[in-house]
Amino acid sequence: MNSMEIRQAFAGLLTLSMFIMLGNMIKKDHFDYPAEEVEIQTTEVSQHDLATVSHISQKSKQNDKALKPCWNPPTLKEVEQSKGFIIFSLTNGPEYHIAQVADAVVVAKYLGATLVLPDIKNSKSGNSMNLGDIYDVENVLNKLNGLVKVTKTLPPHVSTRNTPIVRVPNKVSQDYIMKKLKPIYQAKGIIKIESYFPSKNTISRNNNSLESLLCQTMFGGTLELKKEIQEEAESIVQKLETWSQESNGPFVAVDLRIEGLKNECNGKDGKGRKQCYQGHEIGEFLKRIGFGQETVIYVTQTKWSPDLNSLRYMFPKTYTKENIMSSTKKEKFINSESIEFEKAIDFYICSESDVFVPSILGPFYENVAGMRIVSGKNEIIVPSEVVSPSASASEHMSPYVTKKNHLAYKCFC
């Protein structure tokens, strides 16, 4: 290498060194912040905080948790099929409907009668609606096929005039049917039954065959919503799930109807415990057991009420059907003369949510709990007045789940 080439190589090396030094100076002046300025901000999380809602903040693997039917096919001693009929109506809202169907199936099966598909009594007007206005009639027929003889309507020659009306307790027993219903049925050939719901009732008095029939009717998918209502309910659930995923938390359904609380809330029970909770009380409870303000909450109240403002203040992502439905769907399902449409949608949403919280303990809570238990959605939280500073959501799980004292556990295992 001659002297000229050496000088050129040295000059190039010097230039490269200058660029490196300049780069380091720029980096130091503009990008190397003091350590305290770039330290990641962290929030101390206690073991208690982690124990509150972490187990329900992610989608549970519901297929893994779902129970399996453990009833055997009904083996009632074959009852001679008679020429008589059992008629009934669905009343008081969807939370009662499947239990009413199950009672009617058990009665018809035991008496050897033909079951006539029911109408639906409008809770507002008392007028009759067709079963197909809310439910999939063909599905009902398919599910009951083989369990009991069913007809859509009474034959023209059969009159319902002077039909005896007999009240039967929900989860009616074989003994009750034999003593109270059978003599009337044999004399008249037709009975209209009306289910009533005792405050305490079990199916322990029934034989295994009647229990199996009851289980299969209640939890075998007998009552499914008609397609249009089902699709709307699914659409709402999908929206709420999407919003909850964006918030990285659970989607909580709260059964809270302002009018219902005013009409049904009886203050405290015999032991001095609250029987119902207002919106602000639900909000405070959820905060204390660890739910963050980004939690997505669905409330069964149809239209927004000022009574819910405090709940939304604590949980801004609180919605009602009115906030979610399109104007067309609102006109059809909310502004109609029948509350049955919206209550059917509420029942579905509360059965499918990540977490269910009842503001009042009653049939809606009991039957939603049953649907959730059999599908493995055990996150049912019951509010409480007294919440300790170290309380967690798991401490307030429904006794239906913790004590396994729901009918569903007699039917599934």
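Note that Cβ sites are derived from N, Cα and C of the backbone, with glycine treated the same way.
According to Swiss-Prot, the protein carries these features:
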BINDING   Asp255, Leu256, Arg257  substrate binding site
CARBOHYD  Asn207  N-linked glycosylation site
TOPO_DOM  1-5  topological domain 'Cytoplasmic'
TOPO_DOM  27-413  topological domain 'Lumenal'
TRANSMEM  6-26  transmembrane segment
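Within 8 A of the CB centroid of the substrate site residues Asp255, Leu256, Arg257, the other residues of that chain are Val254, Ile258, Gly260, Leu261, Val299, Thr300, Gln301, Pro358, Ser359, Ile360, Phe364. Arg257 (substrate binding site) is surrounded by 21 other CB atoms, counting those within 10 A of its CB over all protein chains shown.
Of all Cβ atoms in the shown protein chains, 27 besides its own fall within 10 Å of the Cβ of Leu256 (substrate binding site). Close to Asp255 (substrate binding site) in the fold, though at least 6 residues off in sequence, lie Thr300, Asp346, Cys350, Phe356, Val357, Pro358, Ser359, Ile360, Phe364, Tyr365, Val368, each with a CB less than 8 Å from its CB.
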